[in-house]
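K.L.:
Have a look at this one before I ask anything.
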Amino acid sequence: MAHQFKAAINQLNKVSQLRHITYDELEILRRPDRVIEVSLPVIMDNGKIKVFTGYRVQYNNTRGPYKGGLRFHPQVNLDEVKTLAFWMAIKCAVADIPYGGGKGGIAVDVKTLSLSELERLTRAYTRGFADFIGPNIDIPAPDVYTNPQIMAWLMDEYSHIKGENTPAVVTGKPVEIGGSLGRETATSLGGFYVLEQVLAKLKIAKHKVSLAVQGFGNVGMNFALIAQAAGFQIVAVSDSGGGLYNEKGLDLKAVLAHKQKTSCVKNFKSAKNISNEKLLELPVEVLVPAALENVIDENNASRVKAKIILELANGPTAGGAEDKLSKKGVLVIPDVLANAGGVIVSYFEWVQNLRHFYWDQAKVEDRLKRQIMNALEKVWQTMEAQGNNNMREAAYIVAVERLVKALRIRGI
Ligand code: NAD
């Protein structure tokens with residue numbers, strides 16, 4: 001979607017009208033600190049050279065180094081990376097962790113690359129950005145179609161360039177080389193903690209809750225497994241190839257085995273195939289978009305039947321849809337809170353790398369729960385003080401107040 005960044009900044013403009021933020025302060029927050037585009041020539045397996053474009057946007061480092069994922073997807077473009085970097089700046093402030101926002105990406109379909117081409121592309125990206133990233137500068141992490149192996153190559157290439165082992169340059173690494181226990185499931189577990197607490201606040205009993213999850217990757221799949229293990233009923237899941245629906249609930253372990261065999265979830269024996277669009281309109285209590293941006297927009301918002309939307313993806317609800325959902329009484333738990341578990345445990349991983357001292361999984365998950373529950377409480381109280389059901393507005397108020405406070409203390 002073109003002008004995604006402009007639409008994202010709109011939220012900032014709205015919030016600035018609710019709080020005492022000067023025009024100059026707003027001007028600083030409306031722009032990324034730095035936008036970098038790098039050309040990445042890669043020798044393909046057939047001996048030919050293909051030139052990719054790599055992006056990194058460093059949004060605002062007033063509260064700490066830039067931090068944010070690295071996305072490999074055919075639709076990656078600068079406008080999208082700027083938007084995602086802005087959301088990271090807001091998210092780190094909502095979660096109250098000492099980072100600014102950043103994001104990176106390459107427009108590439110990883111499904112067309114061999115493993116060694118993927119490795120060469122990742123190493124080329126690292127060389128291209130080596131002067132701009134680092135443990136105290138900017139710390140990438142996994143995002144759509146990037147994974148712990150890709151983070152390991154990035155860390156290795158960077159360490160070779162700098163001549164010293166530097167695990168803290170990237171998070172989401174495999175545990176064997178400095179990754180944190182609990183990082184792979186952190187985004188999903190954090191989202192699950194938030195959902196459980198919101199349901200408790202709304203006095204909705206767990207056994208009455210059915211969920212549909214769009215996206216069966218790292219975030220969506222782990223969330224579905226955690227929620228099912230906790231007693232929730234998952235009636236639908238999907239991936240880029242389409243979705244599955246069984247109103248009586250899905251056997252997720254069997255769905256997972258089916259996906260591993262056939263590389264997609266559809267055509268599973270004990271469920272109906274449905275499209276990704278139809279999944280969003282199912283009669284469920286909770287809808288969990290966990291794939292890409294703007295899947296709920298002005299056109300389909302009126303057909304969404306869920307009472308709660310837990311945004312595990314970044315930006316799944318387009319601006320125009322939000323008002324329609326709000327009027328229908330749908331509670332949207334915004335991405336900048338719902339999926340903050342990933343960056344919170346990335347922060348723990350970075351701390352462990354810098355200290356060379358590693359925590360057990362129970363400590364990671366206990367600290368994650370405390371950090372994300374504090375964030376939820378602050379957002380919830382702010383929403384109640386505003387007297388509406390707009391959690392996104394409340395989260396942005398919390399974030400912008402923290403960012404502006406830091407700006408004022410540091411000076412320009
Ligand atoms: P992933 O690559 O592991 O999984 C993405 C999933 O989305 C896959 O199942 C893919 O098949 C599916 N998908 C792709 N296109 C689709 C489409 N058009 N319709 C439906 N499904 C589609 O990525 P991930 O890490 O799980 O990230 C998913 C979302 O969560 C993204 O928005 C990402 O920015 C966000 N997020 C991820 C993390 C993290 O820690 N990985 C943290 C915060 C937010």
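Every residue, even glycine, has its Cβ placed from backbone N, Cα and C.
TrEMBL lists Lys67, Lys91, Ser346 with the feature substrate binding site. TrEMBL lists Lys103 with the feature active site, proton donor. What TrEMBL lists as site 'Important for catalysis' is Asp143. Per TrEMBL, NAD(+) binding site is recorded for Thr187, Asn218.
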K.L.:
Non-local Cβ contacts of Lys91 (substrate binding site) (under 8 Å, 6 or more apart, same chain)?
P.N.:
Gly101, Asp335, Val336, Leu337, Asn339, Ala340, Val343, Ala399
K.L.:
Quick one: give me the count of other CB atoms within 10 A of the CB of Ser346 (substrate binding site).
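P.N.:
If we count other Cβ atoms within 10 Å of Ser346 (substrate binding site), we arrive at 28.
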K.L.:
May I ask for the distance between the residue listed as 'active site, proton donor' and Thr187 (NAD(+) binding site), taken between their Cα atoms and rounded to an integer number of Å?
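P.N.:
A Cα-Cα distance of 17 Å.
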K.L.:
Of all the recorded positions given, namely Asp143, Thr187, Asn218, which is spatially nearest to Ser346 (substrate binding site) at the Cα level?
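P.N.:
Closest candidate to Ser346 (substrate binding site), judged by Cα separation, is Thr187.
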K.L.:
Given the binding-site residues Lys67, Thr187, Asn218, tell me which ones have a C-alpha lying within 10 Å of the C-alpha of Asp143 (site 'Important for catalysis').
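P.N.:
Those close enough are Asn218.
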K.L.:
Identify all same-chain residues not among Lys67, Lys91, Ser346 whose C-beta atom falls within 8 angstroms of the centroid of the substrate site's C-beta atoms; report them in sequence order.
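P.N.:
These residues sit around the substrate site: Gly68, Met88, Cys92, Ala95, Ile97, Tyr99, Gly101, Ala141, Ala340, Gly342, Val343, Ile344, Tyr347.
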K.L.:
Using a Cβ cut-off of under 6 Å to any atom of ligand 1, determine which of the recorded positions Lys67, Lys91, Lys103, Asp143, Ser346 qualify.
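P.N.:
Close enough to ligand 1 are Asp143.
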K.L.:
Around Asp143 (site 'Important for catalysis'), how many other C-beta atoms are within 10 angstroms of its C-beta?
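P.N.:
Its Cβ has 23 other Cβ atoms within 10 Å.
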K.L.:
Write out the long-range same-chain contacts of Thr187 (NAD(+) binding site), meaning residues 6 or more apart in sequence whose Cβ is under 8 Å from its Cβ.
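P.N.:
Result: Asn218, Val219, Asn222, Phe223, Leu312, Asn339, Gly341, Gly342.
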K.L.:
Below 8 Å Cβ to Cβ and six or more residues apart, same chain only. Which residues does that give for Lys67 (substrate binding site)?
P.N.:
Met88, Cys92, Tyr99, Gly100, Gly101, Gly102, Asp138, Ile139, Ala141, Val343, Ser346, Tyr347
K.L.:
For the substrate binding residues given in the record (Lys67, Lys91, Ser346), what is the largest pairwise C-alpha separation in angstrom?
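P.N.:
Binding-site diameter by Cα atoms for substrate: 13 Å.
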K.L.:
With every protein chain in view, what's the tally of Cβ atoms within 10 Å of the Cβ of Asn218 (NAD(+) binding site), excluding that atom itself?
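P.N.:
Around Asn218 (NAD(+) binding site), other Cβ atoms within 10 Å: 23.
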